[in-house]
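**Student:** Dumping the structure here so I can ask a few things about it.
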Amino acid sequence: MRKAERAKVIYDRLAKRYPSPEPALDWTNPWELLVATALSAQCTDERVNKVTPVFFERWPEIKDAAAADVTEIEAVVRSTGFFRNKAKNIKAAANRILDVYNGEVPKSMAELITLGGVARKTASIVLSNAFGINEGIAVDTHVKRLAFRLGLTTKTDPNQVEKDLMPLYPKDQWGEINHFLVFFGREVCPARKPKCDICELNDICPKKGVK
DNA sequence: CTCCCGATAT
DNA sequence: ATATCAGGAG
């Protein structure tokens, strides 16, 4: 089967499996989603969702995070790992948004990735989920692994995986395909023990059973 | 390429 | 003990 054809089958079957995908990260506004996504690096969303309520109770708005003591932020986000980088980046991002973007989370890829700790993956999540803007496909560990196993890419660098995926899907599906692959990756095709025996993509998967 | 880094599963 | 988790920067 051709790659483009396989890509469409993957989308159709996962759309049937996930009729209305709920975002895994608990967010209500762009800034909260930005912080939650920044905290999600190399950390389960379950853990992120335990930290964010504490964070936003202590620092409800962007200006609060901008003025916060970094060591206090570190203490709150500690359990998500990489806590020094994350705390510093969040505070710096808050200040830049206040100083450069009039206190509003910017709505473009080019502007978002000027914030420290924000690259294409985090920017794509914020753009598609908070603003409904599809400028990129968020390639996280799940998307990367599934795209490779399903034969949609041979690359390992996330930015190159994204370049392989983008022509395979219309823009209005870019947010969904990320959600589909993340949830399906967690439930059926995790890094360690993929459940190929119950996988509804088994018949079109070039790497069934392969690490 | 290396480093950042805690929590959990295996 | 090791691998992995909704990554990003130097």
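Just so it is clear, glycine is given a Cβ too, placed from its N, Cα and C backbone atoms.
Quantities reported herein were computed from a predicted structural model and do not represent experimental measurements.
Here's the feature list from TrEMBL:
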| type | residues | note |
| --- | --- | --- |
| BINDING | A:C189, A:C196, A:C199, A:C205 | [4Fe-4S] cluster binding site |
| DOMAIN | A:39-187 | domain 'HhH-GPD' |
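Surface or core, plus neighbours and distances: that's what I need for these features.
**Tutor:** In the three-state DSSP assignment, the secondary structure recorded for A:C199 ([4Fe-4S] cluster binding site) is coil.
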**Student:** If you count CB neighbours within 10 Å, which one among the binding-site residues A:C189, A:C199, A:C205 has the smallest count?
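**Tutor:** The binding-site residues A:C189, A:C199, A:C205 were compared, and A:C199 has the fewest Cβ atoms within 10 Å.
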**Student:** Count the residues of the domain 'HhH-GPD' (A:39-187) that DSSP assigns to helix (H, G, I), to strand (E, B) and to coil, and report the three numbers in that order.
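**Tutor:** Counting residues by DSSP class gives 102 helix, 0 strand, 47 coil.
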**Student:** Let's check the environment of A:C196 ([4Fe-4S] cluster binding site): how many other CB atoms sit within 10 Å of its CB?
**Tutor:** 16
